[in-house]
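Quick look at what TrEMBL annotates:
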{"type": "DOMAIN", "residues": "144-256", "note": "domain 'Phosphatidic acid phosphatase type 2/haloperoxidase'"}
{"type": "TRANSMEM", "residues": "42-64", "note": "transmembrane segment"}
{"type": "TRANSMEM", "residues": "76-96", "note": "transmembrane segment"}
{"type": "TRANSMEM", "residues": "117-136", "note": "transmembrane segment"}
{"type": "TRANSMEM", "residues": "142-159", "note": "transmembrane segment"}
{"type": "TRANSMEM", "residues": "213-233", "note": "transmembrane segment"}
{"type": "TRANSMEM", "residues": "245-270", "note": "transmembrane segment"}
Amino acid sequence: MPRGYAQPSLSRFPIDGSALDRLDKWLSRPAFRLRLGHFPELVFSVPACCFGYPLAAAPLALWLALLAGGSPSPTAWALAAAATAAVLGLHLRLLLTHDAAAPAATAARAARSVYSVPAILLTPPAAVAAAHVLGLPGRGAAHAYLTLWYASIAPVLMAKRLARRRRPIASADVPPKALPAIRAILEHDANASFPSGDAAGAMSFAYPALRCAGLPAAAIGCLLLACFGRLYYGAHHLLDVAAGALLALLTSAAAELLLLPAGLCAAAWWHPLVAQACVLATVKALRLDAKLARTAAADR
C-alpha cells in the first residue's frame, strides 16, 4: 500500500463494514468513477476545495458583506476581487506545481499555505478590519459567516479525530483524476473522511447567504457544487458530506437562536474571534492528544 494511504486498523468509524457502510459506498461510487478532464477539473476544484480553506474565508466574508448591504465605494469591490484573485492564485499554484515523484511535498505545501495555523489565526481579524475600515453596511453578514465557519470547524475536527474513517481516495476502487495534486493532499490525511469539513464550510457560507443576503440560488448552488466536488475527488463518501453539511446547519441554527439574540445578520465583530479561539483550542488539544498517543505507542 502506498505511503499516505489509510491503514484499515486505524479507523474507529462505528459503521465500518455494516450494511449502511456498504450502501453509502455504493451510492457514492458513480461520482468516484466520473472523469471530467484537466481543465474542467481545474475549474471545478475551486468550489470543491476552497470552502474549506481558512484563507478563502476572508474574501468570501467581504463578498457576503457587499451583497448583503452593498457599497458605493469601488475600493470595496476592488479589494474583494483582489483578495479572491490572491486565494485563487494560491489554489491554482498548489494544483499546478505538483511533483509526481514527491507527492508528500505537495501535501506539505498545502499544510504550510492554505491549512496553516497562521492562516486560521489571521483570516478573521483581516476580514473584520477590512469590513470596518471600508464601512460596509452589510458587515454583520461577514461577521456571521466567519462565526459560523469557525464554530462548525471545531466539532468537525473533533469528529474526524474520533472516527478516523478512511477516505475513498485511499482505496484502489477510486480511479485517478486529472489533477494528481488533490489526490496527494488527500492521501496525506487519509483517515479524515467523516465528516466533511468542506461541506461544513460551504453550509456555513450558504446559511448567511440565504438569511442575510437573500441569495437562495447562490447559497444552494455553492453548497451542491462543494458537496459533489468532495465526492468527485474521492475526498469523502456521501454520508460524510451529508454529515458535515448537517453539522454546520445545526451549528448555524443554534448560533442564530442562542448566541446572536440581535439577529444573525447583526453579528458583532468579536463573535468570529471567539469562534476562532475555540478552533485554535481544539487544534491544540488534538495535537496534544496525537502526541500522547504516539508516546503511548512507543512505550508499548
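If you go along the chain as it appears here, the first residue is 1 and each next one adds 1.
Backbone N, Cα and C atoms are what each Cβ position is placed from, and that goes for glycine too.
Just so you know, TrEMBL annotations are computer predictions that nobody has curated.
The model shown is predicted, which means the values in this text are computed figures rather than measured ones.
Distant neighbours of the transmembrane segment (42-64): 36, 76, 79-80, 83-84, 86-88, 90-92, 95, 113-116, 119-120, 123-124, 126-127, 130-131, 136, 138, 141-146, 149, 179, 182, 197-199, 201-202, 205, 208-209, 212-213, 222, 225-226, 228-230, 232-233; these residues of the same chain sit at least 6 beyond its ends, with a Cβ under 8 Å from one of its Cβ atoms. Restricting the average to the domain 'Phosphatidic acid phosphatase type 2/haloperoxidase' (144-256) gives a pLDDT of 94. Helix, strand and coil counts from DSSP across the domain 'Phosphatidic acid phosphatase type 2/haloperoxidase' (144-256) read 83 helix, 0 strand, 30 coil.
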